[in-house]
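Notes follow the structure.
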């Protein structure tokens, strides 16, 4: 095992094993741009899109997921792979390797105990293939073969796993970006440790945060004004209602797997993805 500072030339232990419709067009947030500009050599182009995509409540989002698994015979790992690839693609579009001041382009991927965490593991693997240097923090690993397999895949690609959450100043020093894959749309109730402390540290960092589906700690429908404020949100399947409160620079839609009949049933009004793209920028 190595220390994070030793691994990155700076010390933490790591192991290499181990519904309503909203139509909006909004300019990229200048405040967010100022906060994160010191981590970029240039600001990526912000492509605007005007779309009337439907924003989902928690119950409706769960119903769509259940139908994908039951009526349409998708498997969990199948959708997880598509979702994780979408997340990595969105990150690559918003924060190209060549735009980051730090080299190599290190990304901290923080994974929760559920499917959102699985999306994060897939995202980390694809980020590695895209030329980034991801590290994974996975403090509560489920005892399920699917998640064990995803962890092994990362380990085989020499993606290090941290043993504890770095302090905010160390994250700012070592990383260019944090991917928040802790809690998804099914999250309810109070945040339990160690995730409470993790979210506390994330609120202190200055490097950009890219949240998967929901900013962790947010109410799926009401948001959380005192919670983390990501620079990027990657909504999966369709945005959730809390996404209307997102104030970051990049809002992407990912998970290009919704059958047309299901889209019509729930009146999702999904945008037309260009060409073979697996993500679509909503703001």
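We number each residue from 1, going along the chain as drawn.
Positions of Cβ are set from backbone N, Cα and C atoms, glycine also.
Among the candidates 213, 219, 226, the one that Swiss-Prot lists alongside 115, 116, 117, 118, 119, 184, 185, 186, 187, 188, 189, 190 as binding (6S)-NADPHX is 213. 180 is the residue from 180, 231 that Swiss-Prot records in the K(+) site together with 116, 216. Secondary structure from DSSP puts residue 180 (K(+) binding site) in a beta strand.
Among the binding-site residues listed (116, 180, 216), 216 has its Cα nearest to the Cα of residue 189 ((6S)-NADPHX binding site). In sequence order, 56, 58, 61, 62, 213, 214, 220, 240 are the residues of the chain that are 6 or more apart from residue 185 ((6S)-NADPHX binding site) and have a CB within less than 8 Å of its CB. Around the Cβ of residue 213 ((6S)-NADPHX binding site), 30 further Cβ atoms fall within 10 Å across all displayed protein chains.
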